[in-house]
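J.: Mind looking over this structure? Questions follow.
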């Protein structure tokens, strides 16, 4: 069937901020859909609240709304867009299948509330009936029964009484799955009545439709997924089979997964394939991709259907990257009427999309967790997803892919080789948790049988035998020295996936250049080097036109280097807190810009969720770990073509930055800011000296390499002090210490340090305003992109603070000083590309906190606010072009990039709901997973919109509970008065209430948790409180504070932990009380700015 000509405009709903359970994979799928539909000539409108995405770039859609993803805001966008359509235009369609669960839920809300009918909007990609049939647990169960497929025995529960009754019939354990939630939120396994009551209560609260599916436990069964596509002509193909290494009971997002499935016989696979095709047809997904999950009982082969996603999912992104088949792009084209046989495969340019992909390699995905960021969080894994990112690796065998995947995670952790107590290993094997794979390896290394490990873990014996072979190779290698190992044995170890670093560790090799370099040189001397194979969807049956490559130790190379001038861009690896999608955004922009400038762009990354690992983002994609060995091999392979080559390290965050000096030492041309300058900014003593020479103030500070030195220096500097390790991103292991005892505890427990990696100790500036500055520099000229004022005070990690552009109340003198210091620093550090500077302003004095001569996480946000693609310009500066080519007027006038008449507020999004035991207080260690942006012509409204987009809806009436620490109590009355003036009642604990009453404020007193009843937690649970302002007492949260903040999360009450954010909330609430808010299309804002501000013409940029 040809494309639909009856449609003229298509609205795509994005997935919003990065959260656990819904990550960068939806930027990848949304961006593909936008490009595909624009190329087909449709008018594309995008709604998404996340400024850090490629899909929200103004060129990806005709109009882009960075607005809160709520039914109210979407209705306003639909109203405006419908009104803009000329008479006689085609239909207005909504595509809800590329924005994850968020978009699907919103589409259902808009349909059920009548909004779609009101504005004559049609759904494409998935019809309402199909969405409901797949998402509603009861309808899905009935549909499976109709086609004769088995499902777990289950019941849909709306109250505690029915839940207990069902448990009496079926017995424990029971699996709980709340309806319409994300990443298994609220899910769990109940082993007894008490756990059932607790989990069921929480699950009912979290489900938007107040329902939870209780089902029989299939713990320990094998789990599989099939990724399918269907078109309007009822052609159905299976793109990829995926097998979970971990058995049922662990959320698939927290499980190691393998593609294609390894332990199914051909007959079993065909039965599962036929069942999946029956499912997609019965549910009624007319077009696009679907993911169907199965479980099989290893004892008797019983197969059951677990669930189906009638949309592009996390597994779709993995299947896309595993096969090279662009699922989201093809799903978008199917949604507008094409059939699979009418779409050509971009990779082969010969085969149609109805050819099922064939794999002649193995793909392994391993999740990345960060429980160390959340002390007190339960690290066991279950039906609720907890990982923050993932790495993917490709090899010719499972063993090779697994070993490459493990080193792609960059954990740097390994269990010691010496024996661990048997009872500890047993405990670690029985319960799924992030380090279980290491304990499995450890058990096998120390003689445990595969049968024993299988009985404890229920991991399939086939996988365990593979791990046993790795363990045996490990043990054998450890018994020899490097000189005793011949070329054949070394080649076998490399084929198994052992890295040079791992081999050097096993051989205890020592060398001045570094042990792994010694192994590298031994390999090369024996001619043992990787070759590069192509991911081509057809197992090399047809020629591939998109070089999507992976390394292996075989004979034939499929990726001869070209003779074009080229740039290698090092990506950021798996998403993690502190190094997320913002850095991938910068890598993509570098690839787009340099490709336009005639360079062959080469991307190196191992993250399957991202746009950077899409087959058409760069000219060549190496899906490889970001380690010295892997990058060096790629560089030498590409350089052998003889063409000019450069390597960019400053866009991918800390991961590639850590490689800058070793690469340069090996003769690799690192372009942009030199590795020496990067190192100078990171080296505390040398950087302090530079600031003194430039006459730029900094908080008093020093370094320490021992506990005694740390205590002496902290006492000398004066408390409070900020302590942190050197060379980290995301505020890893940072702490504000208010007394000597806290410094001692930090040095003993929190951090590893050495002569090379000292601990940094700075005086902490209390009641200071923090400011972030992003700028562009070519080594001579410098232009500031944005001076962002933090809404949280200094001491809260910059990634966890809301910030506003332009600044709200910084004086002209402070702004002038910031510009002067920024220009001085850019010149002194010889920055070529991007630089980020963090300042603290205390009583009008400007201090430098730190300088990062690289891309920062705020670059996408500043680019969206100003309309200037900073990362694209930075990439071009690194290849030798000058800033005057792009921003001549800004240089002449000394002007920052302009933001027009609007305020842009960026707010963080936190995973507190996934870690209910964790305190929500903010500090110098970053804990947010994503971000949103609010845009308005006044600060209050922009802040309110950002808070709403982040899931923290500010109330417009009701009662505010205020409890302030000793330092903040003096401001209690003034703050309370602002809320009283807005019509709120005030509740406070006795100490804060005294201050308020002294200031003439009427206040209701309430007990602290340990003082009596009813206390503040009782009021929260009784829905008496609409907002909480609770500033922490010190480094260690008091029992009362934690209880309050935890109760607030459960009740989903907005909670603010700093005075400055409370003041911003007052402005936000006032704006909401004034009435209707406005929505803005990014393209219109940028057009108005360029017309109204001649000082910002961006030359020569697409």
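Think of each number as a place in line: the chain as shown, counted from 1.
Backbone N, Cα and C define each Cβ position, glycine as well.
Quick paste from Swiss-Prot:
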BINDING   293, 307  Mn(2+) 1 binding site
BINDING   293, 307  Mg(2+) 1 binding site
BINDING   307, 309  Mg(2+) 2 binding site
BINDING   838, 850  Mg(2+) 3 binding site
DOMAIN    141-336  domain 'ATP-grasp 1'
DOMAIN    952-1092  domain 'MGS-like'
REGION    1-410  region 'Carboxyphosphate synthetic domain'
REGION    411-559  region 'Oligomerization domain'
REGION    560-951  region 'Carbamoyl phosphate synthetic domain'
REGION    952-1102  region 'Allosteric domain'
J.: Could you tell me the C-alpha distance between residue 307 (Mn(2+) 1 binding site) and residue 838 (Mg(2+) 3 binding site) in angstrom, no decimals?
T.: 47
J.: To the nearest Å, how far is the Cα of residue 850 (Mg(2+) 3 binding site) from the Cα of residue 293 (Mn(2+) 1 binding site)?
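T.: The Cα atom of residue 850 (Mg(2+) 3 binding site) is 48 Å away from the Cα atom of residue 293 (Mn(2+) 1 binding site).
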J.: To what whole number does the mean pLDDT across the region 'Carboxyphosphate synthetic domain' (1-410) round?
T.: 92
J.: For residue 293 (Mn(2+) 1 binding site), list the number of other Cβ atoms lying within 10 Å of its Cβ atom.
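T.: Other Cβ atoms found within 10 Å: 21.
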J.: Using DSSP, would you call residue 309 (Mg(2+) 2 binding site) helix, strand or coil?
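T.: Going by the DSSP assignment, residue 309 (Mg(2+) 2 binding site) falls within a strand, counted as strand.
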J.: On the DSSP side of things, how many residues of the domain 'MGS-like' (952-1092) fall into helix, strand and coil, could you say?
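T.: The domain 'MGS-like' (952-1092) comes out at 67 helix, 20 strand, 54 coil.
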J.: Cα-Cα separation of residue 309 (Mg(2+) 2 binding site) and residue 293 (Mn(2+) 1 binding site), in Å?
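T.: Cα of residue 309 (Mg(2+) 2 binding site) to Cα of residue 293 (Mn(2+) 1 binding site) measures 9 Å after rounding.
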J.: Among 309, 838, the binding-site residues in question, whose Cβ has the most other Cβ atoms within 10 Å in this structure?
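T.: The residue with the densest Cβ neighbourhood is 309.
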J.: Pull the DSSP breakdown for the region 'Oligomerization domain' (411-559) and write it out as helix, strand, coil residue counts.
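T.: Its residues divide into 76 helix, 10 strand, 63 coil.
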J.: Run through the Cβ atoms and count how many others sit within 10 Å of the one on residue 850 (Mg(2+) 3 binding site).
T.: 17
J.: Which number gives the other C-beta atoms within 10 angstroms of the C-beta of residue 307 (Mn(2+) 1 binding site), all protein chains shown included?
T.: 17
